[in-house]
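Here's what TrEMBL has on this protein:
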TRANSMEM  6-24  transmembrane segment
DOMAIN    10-295  domain 'G-protein coupled receptors family 1 profile'
TRANSMEM  70-96  transmembrane segment
TRANSMEM  117-142  transmembrane segment
TRANSMEM  162-181  transmembrane segment
TRANSMEM  240-263  transmembrane segment
TRANSMEM  275-295  transmembrane segment
């Protein structure tokens, strides 16, 4: 219950912070953060309560809920979890494109505009919705039941389960690992270049040449500005890397075991204790409550927006 309340309240605050902060609204990355927060709100409000009730009943789906609510829960789960990792993937790509050519791209990625960010977000949500509805529409569906072995599951073939997990979890995960490896290489290579070049420029300027001195000062100022923006972009990439790492740490165990169970089918459900399922599910859902804390800890713009909301709340009281 604490995780549910924390996730809902925290992510609502993230959405409000993006709306009221002009500095956050100007950054295209905030569009993906807003979408990620909406996904976490959906997870906390529509998925977690059903899981909480089922876990209190030893993992069994309450009989009074029926198959209709079971379908609602599973569709919600299959929408919100993939949208989270795909939004993080989009954030990672944006950071990589910003840093990959540090001499020419010291502002927001020229290919990422607010309109394109919104288009990408809409595509992510529509794609996840259609993918979640595939089992409901009968594609690779074993039968009309979603309630099997006393649990609420999608009665889909192991092949469909593997394809879904690979496309919507493992493929983005491996891609993000490669992206942050490349970001690390870029940061490691470029971090000290501006300072070195700046010293070199000053060493070749003759004191008697005022025009040369002015040109050198101008170039030095540009390089200093570029260096500051490079450091800023590197810190932003590090923040997203921390959030991605938290997401993968929380969801990889549950997703991996779920795949194994789906391949094994019926007997494996009973082989894994309910306590193990409860812990794995709780750790996965904990990520929805962690994201707002990570945003506030790593991003000063979110901290300022939170303080602004707190002052407004105190003035009303």
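Note: Cβ is positioned from N, Cα and C throughout, glycine not excepted.
Whatever TrEMBL says is automated annotation, not expert-curated.
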The transmembrane segment (6-24): which same-chain residues, six or more beyond its ends, come within Cβ distance under 8 Å?
30, 33-34, 37-38, 40-41, 43-45, 48, 285, 288-289, 291-293, 295, 301-302, 304-306, 308-309
So if I exclude everything within five residues of the ends of the transmembrane segment (70-96), which remaining residues of that chain have a CB under 8 angstroms from its CBs? That is, six or more out.
28-29, 32-33, 35-36, 39-40, 42-43, 46-47, 50-51, 61, 109, 112, 117, 120-121, 124-125, 127-129, 131-133, 135-136, 146-147, 152-154, 164, 168-169, 172-173, 175-176, 179-180, 182-183, 233, 236-237, 240-241, 243-244, 247, 251, 287
